[in-house]
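According to Swiss-Prot, the active site, proton acceptor annotation covers GLU91. Marked as active site, S-methylcysteine intermediate by Swiss-Prot: CYS325. Swiss-Prot lists CYS108, CYS112, CYS115 with the feature [4Fe-4S] cluster binding site, giving similarity to another entry as the kind of evidence. Taken from Swiss-Prot, the feature S-adenosyl-L-methionine binding site covers GLY153, GLU154, SER183, SER206, LEU207, HIS208, ASN282. The disulfide bond annotation in Swiss-Prot covers CYS101-CYS325, and the record cites similarity to another entry as its basis. Look at Swiss-Prot and you will find 94-320 tagged as domain 'Radical SAM core'.
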Amino acid sequence: MRLETIRQSMRATGAKDCHIDRVLRAWTQAKPLESGARRHQPENFLPQALRTALPALQEELSALARVRSEHPGEDGSSRLLVELADGQTVESVLLPRDGLCISTQIGCAVGCTFCMTGRDGLLRQVSSAEMVAQVVLGRGRRKVTRVVFMGMGEPSHNMDNVLEAIDTLGTYGGIGHKNLVFSTVGDRRVFDRLPQQRVVPALALSLHSTRAELRAELLPKAPHIDPTELVELAEHYARTTGYPIQYQWTLIDGINDSIEEMDGIVRLLTGKYAIMNLIPYNATATLDYRRPSLEHITTLTKYLHAKGIRTTVRNSAGQDVDGGCGQLRARTLDAGTATDAQKISLKHLKTGTRSAA
């Protein structure tokens, strides 16, 4: 269901925009309808026809997304397995410090080799209403002031729904525009469309390598944009919006954790309005990748800091509860052990010298 469909159903009752806005504001903020009203009963500010239709509408909204299971993590996060109305499931993650990560697709077409979400390809799009419903579920559990579109799926492949959800959360949900984060592997449409929106979100860009050939192997179906050009496009967005770009880099042992790669980061990001988020890989039994040692992660972080690159280390939230993207859903679906054809080999992914000397 699209959010515009919800508006149209209320408009069909004769409701005016001010009435529709009131209902959307209450829903997206997970508050009672009378919350904040000068006159506290709905009959004082909503027309009779809309009040009559509200119970059925509220039931329909509640059915958009339900929590099938909740898995608190030791880091203060809580991973939610969310069941949609058709029985499909997605993951949402309540993050420390009032954040929420939501999913935009069931499956993913990009096929990042280190990610569980895309192993079966794209199953279907998540609608704008289903995205907002994930936020409503999260707000029913704790305070949410920041939403990142960084869960299952590639937001640029579901652009209309994602932008509609962002507009609704920024307009009615009480979330600051810079606290709505659009995450992407890099798609030219992102840089064209996002700055034109009423609600302009911050941008997170999945980089993972500064070498075009390695990045193409790690992200086989991402748009083929050279990392240098990608960073230039992102820098223009950062300067236009005033929001720093959050670069994401999944650190994989022996693949993209060499000092040569760090020098590539320095080359691309020096002088840029940017934050580099190093995300140590969250190991799974079905993918042949490893997480670098804590000592090596610390060495890389210090190296980038010394070169003037603002860097953070962000572990996947809820690592003790299948914290990597798509892992909880995969476990729930009882995927089992990967076949030889499914198991990813590292031999063809060549990396540079790893020494920090």
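Placed from the backbone N, Cα and C atoms, the Cβ positions cover glycine too.
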Nearest recorded site to CYS101 (disulfide bond) by CA-CA distance, among binding-site residues CYS108, CYS112, GLY153, LEU207, HIS208: GLY153
Protein Cβ atoms within 10 Å of CYS115 ([4Fe-4S] cluster binding site), excluding its own: 21
Recorded positions clustered about GLU154 (S-adenosyl-L-methionine binding site) [Cα within 10 Å; pool: GLU91, CYS108, CYS115]: CYS108
CB contacts for ASN282 (S-adenosyl-L-methionine binding site) [other CB atoms within 10 A, all chains]: 21
Cα separation, the residue listed as 'active site, proton acceptor' to LEU207 (S-adenosyl-L-methionine binding site) (Å, whole number): 22
Cα-to-Cα gap, SER206 (S-adenosyl-L-methionine binding site) vs CYS112 ([4Fe-4S] cluster binding site), nearest whole Å: 10
CYS108 ([4Fe-4S] cluster binding site) versus the residue listed as 'active site, proton acceptor' - Cα distance in angstrom: 13
